[in-house]
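Summarising the annotation, Swiss-Prot assigns repeat 'WD 1' to 103-144. Look at Swiss-Prot and you will find Thr187, Thr370, Thr406 tagged as phosphothreonine. Annotation comment: Swiss-Prot describes Ser200 as phosphoserine. What Swiss-Prot lists as repeat 'WD 2' is 221-259. For 264-304, the entry in Swiss-Prot reads repeat 'WD 3'. As annotated by Swiss-Prot, repeat 'WD 4' applies to 326-366. Marked as region 'Disordered' by Swiss-Prot: 368-404.
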Amino acid sequence: MPKKVWKSSTPSTYEHISSLRPKFVSRVDNVLHQRKSLTFSNVVVPDKKNNTLTSSVIYSQGSDIYEIDFAVPLQEAASEPVKDYGDAFEGIENTSLSPKFVYQGETVSKMAYLDKTGETTLLSMSKNGSLAWFKEGIKVPIHIVQELMGPATSYASIHSLTRPGDLPEKDFSLAISDFGISNDTETIVKSQSNGDEEDSILKIIDNAGKPGEILRTVHVPGTTVTHTVRFFDNHIFASCSDDNILRFWDTRTSDKPIWVLGEPKNGKLTSFDCSQVSNNLFVTGFSTGIIKLWDARAAEAATTDLTYRQNGEDPIQNEIANFYHAGGDSVVDVQFSATSSSEFFTVGGTGNIYHWNTDYSLSKYNPDDTIAPPQDATEESQTKSLRFLHKGGSRRSPKQIGRRNTAAWHPVIENLVGTVDDDSLVSIYKPYTEESE
């Protein structure tokens, strides 16, 4: 008898949900204490006979990286939410898995799927900031950018991957390295802690002609850690640091930001992502549970608009709208959908995943009104924008907590999200919302 899906008064019913607790060929010790991360393959194979789409989830545990196939029903209008778990992982439940790739001696903290048929298939980052490129059919990395600890490097600052939501205010800087990939996949920017007393650094790295070649190193002054890096297009990217400042850069220009956005209020700026579809929208998340939606064009224009600041005041950079996690649940990750310009999810320190739709806020937004106050998180806007809350279903541990890079949108299949929990439970789901009806 299938277990029933967990329900509450919030929108948490599913169009589809399946989960798998993997078995492994080799014994895996201390599963709960091993770092996990998750992404999807972009390969999708339709099966008209069975009315399914087959793809795969890429899941890391410590130094081992696994590929797990799944099949979900073809996109159809759902008449009602499901009551039971699906069988997307049918045939895999009793299969013992062997690693597809191994980053020996490292703990994988983030992955990005590149191209199954290309020179490189998967890019992974270890928790000390090293990068490794893997190719289909080869178990070990074919390129590596290694980060070694020097005598002046703080072990804590470079190796601690503690959740931002768990850290005291003063210790948030002991967090994270990250990387971003340009839209054409030809350039990578990685962030790196450089030790307690030194600036964090950005490395601009070739991913085309000579994958792994460091093209330039940029210091981010006044910061200990730059925890998030994201590209808006092929050249413009932004970095988010522990001084609560977003810096916007151009890989073609000098080693100084082209403009900045300061966020001194609302707690620590813990997460940031930009839309892969619009190129203008981005979202910031805070340790206090506050979420802000921004228009990059308006925020940049405000830096040169002196109309209301003739005496040297800071730029008036207002977000489009703000939202919040109930109960002050900290924002530990945020990701825009790869298939929709208006949808993103946030991950709370509780492990809950909040699905947001920005259509309501954008319908009230006038980009030409440069001094309009932000749309505050009223009950109406919160209700219309928070479309779904994933608490994980009945199979998830009640002790689950939120971590970066453990949830992901599928890059091709609309509204499909994957997660991995501390106990290795891998789940994929599609929310059931009003749009599903």
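Numbering starts at 1 and runs along the chain as it is shown here.
Yeah, the Cβs are placed from backbone N, Cα and C, and that goes for glycine too.
Rounded to a whole value, the Cα-Cα separation of Thr406 (phosphothreonine) and Thr187 (phosphothreonine) is 24 Å.
The modified residues examined here are Thr187, Ser200, Thr370, Thr406; by Cβ neighbour count within 10 Å, the least packed of them is Thr370. Sequence-distant neighbours of the repeat 'WD 2' (221-259) (same chain, 6+ residues past either end, Cβ-Cβ under 8 Å): 157, 164, 172-184, 186-187, 189-193, 196, 198-202, 204, 268-274, 279-280, 282, 284, 296, 299-300, 303. Between the CA atoms of Thr187 (phosphothreonine) and Ser200 (phosphoserine) there is a gap of 20 Å. Within its own chain, the repeat 'WD 4' (326-366) has Cβ neighbours under 8 Å at 163-166, 270-278, 281, 283-291, 293, 295, 320, 372, 375, 381, 384-392, 396, 400-415, 417, 419, 421, 431, 433, counting only residues six or more beyond its boundaries. For the pair formed by Ser200 (phosphoserine) and Thr370 (phosphothreonine), distance between Cα atoms is given as 33 Å, rounded to the nearest Å. Listed as Cβ neighbours of the repeat 'WD 1' (103-144) (distance under 8 Å, sequence separation of 6 or more from its ends, same chain) are residues 34-35, 37-43, 58, 60, 62-63, 65, 158-159, 161, 176-179, 181, 185, 188, 190-193, 205, 207, 211-212, 404-405, 411.
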